[in-house]
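Taken verbatim from TrEMBL:
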{"type": "TRANSMEM", "residues": "218-241", "note": "transmembrane segment"}
{"type": "TRANSMEM", "residues": "287-311", "note": "transmembrane segment"}
{"type": "TRANSMEM", "residues": "323-345", "note": "transmembrane segment"}
{"type": "TRANSMEM", "residues": "357-381", "note": "transmembrane segment"}
{"type": "TRANSMEM", "residues": "387-409", "note": "transmembrane segment"}
{"type": "TRANSMEM", "residues": "444-466", "note": "transmembrane segment"}
{"type": "TRANSMEM", "residues": "478-504", "note": "transmembrane segment"}
{"type": "TRANSMEM", "residues": "516-536", "note": "transmembrane segment"}
{"type": "TRANSMEM", "residues": "548-570", "note": "transmembrane segment"}
Amino acid sequence: MNVSSGRGSVVLAPTLGLNVNTHRLRYWFGNYTDKEEVVLWMNTVGPYHNRQETYKYFSLPFCVGTKKTISHYHETLGEALQGVELEFSGLDIKFKDEVMQTTYCEIELDKAKRDAFVYAIKNHYWYQMYIDDLPIWGIVGEADENGEDHYLWTYKKLEIGFNGNRIVDVNLTSEGKVKLVPNTRIAMSYSVKWKKSDVKFEDRFDKYLDPSFFQHRIHWFSIFNSFMMVIFLVGLVSMILMRTLRKDYARYSKEEEMDDMDRDLGDEYGWKQVHGDVFRPSSHPMIFSSLIGSGCQIFSVSFIVIVVAMIEDLYTERGSMLSTAIFVYAATSPVNGYFGGSLYAKQGGRRWIKQMFIGAFLIPAMVCGTAFFINFIAMYYHASRAIPFGTMVAVCCICLFVILPLNLVGTILGRNLSGQPNFPCRVNAVPRPIPEKKWFMEPAVIVCLGGILPFGSIFIEMYFIFTSFWAYKIYYVYGFMMLVLVILCIVTVCVTIVCTYFLLNAEDYRWQWTSFLSAASTAVYVYMYSFYYYFFKTKMYGLFQTSFYFGYMAVFSTSLGIMCGAVGYVGTSAFVRKIYTNVKID
C-alpha cells in the first residue's frame, strides 16, 4: 500500500484489492445521467498485515450518513465466501454534482469508542469502499512518533473521474487529522469533486494492476529457465530410456533365442521379470482410484479456469474467480467419476458405489472440513470471513444435488466404456517375491526425491501466486500460469517415468503408489515453502490469520499434490503399458 503524507493528508494509491463484481445491469447497459444517485458502499476494515482478517466497516464506531439505508445482498457465492459485507455509507453523492466539504455525522467519543479506534490505529487498520464497483482504500488513522497520541482521519476527499456518462476512476484523500480525546465530539465530513478523464470504461481497472511486479525480468527469466529445464529433461529422459530400452529389448530377444538349458543357466534380471505382477491391482484400490479421479478433476478445473481467466478479466469481478472455480468443479464431476470408476473396475473392484462416494466427496470434504474449522475461529473473532449459514447450505446442496449425480454418471460411463482390464500381460496368481535392492531404490526414497524437480519448475511462480493472494497484488498474468501448468505436468511425467523405470528394473512391481506419491510429494515442498514465505515474506500475526494461512495453504498444497500424483500416474501408466506391449512374453 503506497501511503504518501504531506500537510496533514494521507493518499492511498490503488495497489491492493479484492475482485470486483461488474456483472450488474449498469455495467453492461446502464449509463449515469446527470444528478443520478451514485452509491458509496462501505465494505470491510482490518489490519493491513493480515489481509484475510477483515471485519464489517461499522464494527468500528464510525457514524453513518443521514441518507436512507439501502440493503445489499451477496450477489454471488464467491462474494459471500470471501467475506464481502457491503453496507450503505449514507453519503449523498450524485453524478457530476460536486459537493464541498460537508459534515455528514458526528461521533460521540466515549472511552470505549476511543479504545476501539486506538486499537485499530495501533494495528494499522485500513478500510475498503466501493463506488460503481471500483474499490477505494483508506486508513483509519495514525499515531504520533512516540506512539502516545492517536489521530483519526475525519475528512474523506473523493475525486471521481468520468468519461462521458460513465465512472472510470475514483481516488480518496484522507485529511482532517483529529486527536482522539475521550468525551468529545468528532465531526466526520466528505467532499466530492468530479473531473473528466480520458480513461476508457473497459480499461478502468488497469491502474489496479502492477506490471512492474508481475512482468519483472525475474518472472520472465523463471519461465525461460523452467522451459529450458523441460527441454533438457525431456531430451535426457528420451535419450536415456530409448538407449536403455533398446538394449533391454535386444537382451530379451537374445534370451528368447536360447534353449531352455541356456536360459536357466543365464543371469536374467530387469523389468521383464516382473511382467506377471506389474499389472497386479494396487494396494487399497478404492482409495487409490478415488485419488486418481480427484486428481484428474483438479487438473481439468485448473486448466479450464485458467483458460477462462485468460479470456475474461476475472480480476474485475468481486468473487468471480472463486465462483468460476466452484461452478467448473461441479461441472467437471463426471471426469472424476470416469477416471476413478474405470480404474477401480480395471483393478477388479466390486464395491463401486462406495468408491464413487469417496471420489465425489474427497476434495469437498477436505475443503469444507478446513473451512469449518477456520469458520469457528472467524466466528469467535466476529470477522466478516465467517461463512453465513445460508452459504453453507448452498455449498452442501451443490455437493449433494450436482457433484454426486454427475459423479455417478461419470462412474457408470467409465466402468462401461473403459473398465475392462485389457492388460498386455497376464497377472500371476501368486505374487512374485521382491528381491533386496540398494537403499536408494526403495520406494520411500524415490517418493521423497520425486517432487524436487517438479517443485523447482514452479518455485518462482509460487512466489507470485502467494503474493497475489496473501498480499495486495492482483494476479492477472494467466498466460504465465498456463505455461507453468504445462511445464509442471511435463516435468512431473518425465520424473515419474524415470522413477518407475528404475523401480521396475530393480524387479519391484509396486509402481502404482510409487508413481503417484513421487509426483504428489511436490505438495510437501510447496507446503514447506509456505512456512518460509510466512516467516520471511509477510508480517502476519494472530491466531485467526495464522490458522487461515496454514489451513488453506494445506488445502492448496494437498490439492496440488493430488493433481500432480494423478498426472504422474497417468503418464507412467501409459509408459508401462507401452514397454510391456513391445516385449515378447512367454
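Each residue, glycine too, has its Cβ placed from N, Cα and C.
TrEMBL annotations: computationally assigned, not manually curated.
Two recorded stretches are said to be in contact when at least 3 C-beta pairs lie under 8 angstroms, sequence spacing 6 or more; the transmembrane segment (548-570) and the transmembrane segment (387-409) fall short of this definition. When each of 218-241, 287-311, 323-345, 478-504 is scored by its Cβ pairs under 8 Å to the transmembrane segment (444-466), the top-ranked stretch turns out to be 478-504.
In terms of C-beta pairs under 8 Å, the stretch of 323-345, 357-381, 387-409, 478-504, 516-536 lying closest in packing to the transmembrane segment (218-241) is 478-504. Spatially, the transmembrane segment (478-504) is not adjacent to the transmembrane segment (323-345); fewer than three Cβ-Cβ distances between them are under 8 Å for residues at least 6 apart in sequence. Between the transmembrane segment (323-345) and the transmembrane segment (516-536) there are fewer than 3 Cβ pairs closer than 8 Å, counting only pairs 6 or more residues apart in sequence, which means the two stretches are not in contact. Residues 321, 324-325, 328-329, 332-333, 335-341, 343-344, 347, 349, 355, 358-359, 362-363, 478-479, 481-482, 485, 489, 512-513, 516, 559, 562-567, 569-570 of the same chain sit 6 or more residues outside the transmembrane segment (287-311) yet have a Cβ under 8 Å from a Cβ within it. Residues of the same chain lying 6 or more positions beyond the ends of the transmembrane segment (357-381) and with a Cβ under 8 Å from any Cβ of it are 53, 55, 286-287, 289-291, 293-294, 297-298, 329, 333, 336-337, 340-341, 387, 395, 399, 403-404, 407-408, 411, 543-544, 547-548, 551-552, 554-555, 558-559, 562.
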